[in-house]
């Protein structure tokens, strides 16, 4: 079973969490534009900074998810006598949105799990509608054996011949009559140890919750023959139906949940003064080290300036006609992304690539690897190599000197993940030396907060080691005092960049 699960990790990943909470489906999939455009606001910003009232799912996706649930619930086999018609619930949608924004590949929050059911799905790569995940959840039926009444003495057995069946049982749990879902774009989401650059994360919450131990998901019998009295005998397409229950409530533009509403009021009514600004000296930096490129972009075209050593490649570059010259060492006129596929750094789904310029090489050897035929060249030309972008969690005290000090011609640091509350770390053990360019004796994460690359709640940071500077300037930014340093005897320097 473990081998089977590993085989499907990149196609469909399932996670079962105890306490009878349904699990997750993760179909792997690139070319996100179609889906992602729907989850951007009018200014082209992702919904991570939503205006008040902006919903975390489109009306079309909401209706498609709801319709598919009711269709699947109406056609279960054996037939259900008490399957209830499902409706959309705005409060469940809001709770799903809140959890989706956390970008955590696990069920939650813990405070809600005793009272709701939850199915999760994620993918990155080519466009997949949310209903793709719903259908995948239902398709677990092939591994589920329905427990007939004569088998329940008094508890019904749970028989599942596959990795997990609890997505399916939640979808068809007869009394789970309300659903609310949300979609969020999660950058660099950790899916069972793999970092997905742009994960489209679907969270669906159900109420009343299903998957109660010892119970069948529904009663077997003639459709609608065992509906609760509250339905008044109503039946629609094999589902217990109450007139008017298909109407769902759409929040007005100015409405939001109670917590968000209180926060917005506080924010909106506070009048900021000049002294407020000077006391905090807030600085925000959105400059990125990485660059988004197409399959055809050559390093010779793109490598301009210092921040030209990390790239994000799209999916589908195997189908591109862009040429690649060389093997291991690639000529500067080579496609960055296709060279990365050839070397095995990424596959056709795209991903992150680090590039190191290597100077002139006398010749370049052709080869065929990973579906890409490269060209040979026997003339001297500038070259580059490619390497994998790794991700590493660090502490508030970790320095670049410890992690990845500068070495000529260039050094690559892993993408680091900073924990929360580094502002509160002891400044004697987590020093910040410099402004914008920092001594590599500095704490990476506190320097990132000082530079405005991340806030005190932590997050991902790109680090670029550079050669030492003669002078580092002190400043007070974002609640952190940095130190000055002149003519340091040793050590190098670094810059920090946002990951967005």
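Glycine residues also receive a Cβ, built from the backbone N, Cα and C atoms like all the rest.
Matching 186-209, 210-233, 234-257, 258-281 against Swiss-Prot, the residues noted as region 'Disordered' span 258-281.
Across all of the domain 'SCP' (66-206), the predicted model scores a mean pLDDT of 93.
When the domain 'LCCL 2' (390-492) is classified with DSSP, helix, strand and coil residues number 15 helix, 32 strand, 56 coil.
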